[in-house]
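See structure below.
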Amino acid sequence: MEETKYSSQQEIEGACGSDASLNARGSNDSPMGLSLYLCLASLTLVLFITALDILIVGTIIDVVAEQFGNYSKTGWLVTGYSLPNAILSLIWGRFASIIGFQHSLILAILIFEAGSLIAALASSMNMLIFGRVVAGVGGSGLQTLCFVIGCTMVGERSRPLVISILSCAFAVAAIVGPIIGGAFTTHVTWRWCFYINLPIGGLAIIMFLLTYKAENKGILQQIKDAIGTISSFTFSKFRHQVNFKRLMNGIIFKFDFFGFALCSAGLVLFLLGLTFGGNKYSWNSGQVITYLVLGVLLFIFSLVYDFFLFDKFNPEPDNISYRPLLLRRLVAKPAIIIVNMVTFLLCTGYNGQMIYSVQFFQLIFASSAWKAGLHLIPIVITNVIAAIASGVITKKLGLVKPLLIFGGVLGVIGAGLMTLMTNTSTKSTQIGVLLLPGFSLGFALQASLMSAQLQITKDRPEAAMDFIEVTAFNTFMKSLGTTLGGVLSTTVFSASFHNKVSRAHLEPYEGKTVDDMILYRLQNYDGSHSTIGNILSDSIKNVFWMDLGFYALGFLFCSFSSNKKLIIPKKDDTPEDNLEDK
């Protein structure tokens, strides 16, 4: 097999898949007119079911825990999905750069649908978690690729609006998810929370295949080419044409196998330590300490390997596709890492707020899953409004950092107000405190991704691959924050609840695990102002205090973000992309 080297933007775009051009205008592969809007609609549908799978789970936790009897494992209904979602984001970006966007997205949808089917048919908590993990593998690709594809179909000026449109899928799912999930759980069965992904995913595949033309080929021509390739395949031909040494080098260096393995193992061990601490094992036990310390060390070593050791072992330094997943030139660039830390911190706090806002109404007021989900409508409506406003403002005025700071300020104020939500607060307070966190995330997330993309040097030969990987890294940080938010919030709640119950010496709860305490509470509800109701309220408030800390750190990073603005062309300039003046 011949050695592949790249020396021009055209060759780089070929390495990224021919549909990976940064300059959408003038690319034969980019949809135009109605096809563009339908293609964006298909990507939005894909992101909708991806987000739905995160948010709908919050409404089934108590029902599933009661059916399978493992409340402490319910945290893994979120983590089992969001952890592979985070870890594999970078891999999907690299995978798409090799085989192209279209094939990667279709594969990701199929994996996601398979995971949803497994979860829907689950007969035990472990099987349900396994289905969530499989769905998370596919969901990781969907989140990464939808933003990459959407951003590369239009010019730079229209990217903020596209990012906002795609982000609205998450916000709409946050409204619909708890309502649909609650309705299914209360009136039908929680299994339909996963069955619903199947028809929506199928529709998204059809729309995408009909509107997105990779290599300027229609879907029928692509199917014909694929059949021809498969029919001409023979093992002897494969054996003679493939250099297995180069194949192994491709796996190790194109996909950064060792860096990925170290990073994944580190994150998994660290999150296991947080999950087991205070539940299965005490915090000072050797098992928990080993998980936490070893997890941190492996993660640090993965960074050392990618930043300093990868190039020393790289057999083909001139091959642009042989590069680490976490490229020091990009990831360690202050302007990029700062805005991605904003994404990570705000998503950590926001996910904790979302999960325990639902738990607040279910555990304290014994609300059904459906009614508890309705309380999230304020936080989601404001998220949609802010996301759209952010995209329009950036497209028209080019502002990025002001929106980032504005979102950070609203996040701190909103998180502070959420600590006022207790079992004695009024209905208006319970609704009002949920408004600002939605505004915060809507403004900040779009601005952070746009700010990161603006740092790419467009005249570099590998600019197209840089664009993919910066976008994938942002998705990685977003998913990692969501994952950590779910685990940490459960850890804080469980530890706080267990300690407070132990000090109160409540006879029905003494000697029970947190799982058993929660189940006993659900089966023997004694009001929102009882002793156990007060303890639950205080424990959930501690989660909200933790979220406030993450928002405060996020605002601090917002203040140090780049001052770069989106360049707005003069009115008499020719529209720069295929979303302009349609």
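We number each residue from 1, going along the chain as drawn.
A Cβ is built for glycine as well, from the same backbone N, Cα and C atoms used for every other residue.
The annotation topological domain 'Cytoplasmic' is assigned in Swiss-Prot to 1-44 (among others) on the grounds of similarity to another entry.
Same-chain residues lying 6 or more positions outside the transmembrane segment (45-65) and placing a CB less than 8 Å from one of its CB atoms are 71, 74, 77-78, 81-82, 105, 109, 112, 116, 125, 128, 132, 135, 139, 142-143, 146, 166, 169-170, 172-174, 176-178, 180-182, 185, 190, 193-194, 196-197, 200-201, 203-204, 207-208, 354-355, 358-359, 362-363, 369-370, 372-373, 482, 515, 518-519, 522. Sequence annotations record features per position, and here Swiss-Prot assigns transmembrane segment to 45-65 (among others) based on sequence analysis.
Taken from Swiss-Prot, the feature topological domain 'Vacuolar' covers 66-80 (among others).
Per Swiss-Prot, N-linked glycosylation site is recorded for N70 (among others).
What Swiss-Prot records for 81-101 (among others) is transmembrane segment. Counting residues 6+ beyond its ends, the transmembrane segment (81-101) has Cβ neighbours under 8 Å at 15-20, 53-54, 57, 108, 132-133, 135-137, 139-141, 143-145, 148-149, 152, 212, 214-215, 254-256, 260, 263-264, 267-268, 271, 321, 325-326, 465, 468-469, 471-473, 475-476, 479-480, 482-483, 486 in the same chain.
Annotation comment: Swiss-Prot describes 105-125 (among others) as transmembrane segment. Same-chain residues lying 6 or more positions outside the transmembrane segment (105-125) and placing a CB less than 8 Å from one of its CB atoms are 46, 49-50, 53, 64, 68-70, 73, 92, 96, 131-142, 145-146, 149, 191-195, 197-198, 201-202, 204-205, 208-209.
Sequence annotations record features per position, and here Swiss-Prot assigns topological domain 'Vacuolar' to 126-132 (among others). Listed by sequence, the residues of this chain that lie at least six past the ends of the topological domain 'Vacuolar' (126-132) yet keep a Cβ under 8 A from its Cβ atoms are 57, 64, 68, 73, 76-77, 80-81, 115-120, 194.
According to Swiss-Prot, the feature transmembrane segment maps to 133-153 (among others).
Among the features that Swiss-Prot reports, topological domain 'Cytoplasmic' is placed at 154-160 (among others), with the record citing similarity to another entry.
Taken from Swiss-Prot, the feature topological domain 'Vacuolar' covers 182-191 (among others), and the record attributes it to similarity to another entry. Residues 59-60, 63-64, 120-122, 368-374 of the same chain lie 6+ residues outside the topological domain 'Vacuolar' (182-191) yet bring a C-beta within less than 8 angstroms of a C-beta in it.
Summarising the annotation, Swiss-Prot assigns transmembrane segment to 192-212 (among others).
Under the heading topological domain 'Cytoplasmic', Swiss-Prot lists 213-256 (among others), citing similarity to another entry as support.
Marked as transmembrane segment by Swiss-Prot on the basis of sequence analysis: 257-277 (among others).
Here Swiss-Prot flags 278-287 (among others) as topological domain 'Vacuolar'. Summed and averaged per residue, pLDDT over the topological domain 'Vacuolar' (278-287) gives 80.
Within the chain, the transmembrane segment (288-308) has long-range Cβ neighbours (under 8 A, six or more residues past its boundaries) at 256, 258-260, 262-263, 265-274, 276-277, 281-282, 324-328, 332. According to Swiss-Prot, the feature transmembrane segment maps to 288-308 (among others).
The transmembrane segment feature in Swiss-Prot is assigned to 330-350 (among others).
Stretch with the largest number of CB pairs closer than 8 A to the transmembrane segment (540-560), among 192-212, 330-350, 431-451: 330-350. Using DSSP to sort the residues of the topological domain 'Vacuolar' (493-539) gives these counts of helix, strand and coil: 34 helix, 0 strand, 13 coil. Between the transmembrane segment (330-350) and the stretches 192-212, 257-277, 373-393, 402-422, 431-451, Cβ pairs under 8 Å are most numerous for 431-451. In sequence order, I364, F365, S528, H529, G533, N534, L536, S537 constitute the residues six or more apart from N423 (N-linked glycosylation site) in its chain with CB-CB distances below 8 Å. If you look at the transmembrane segment (373-393), the same-chain residues 6 or more away from its ends with a CB under 8 A from one of its CBs are 58-59, 160-165, 167-168, 170-172, 174-175, 177-179, 181-182, 353-354, 357-358, 361, 367, 399, 403, 407, 430-432, 434-443, 445-447.
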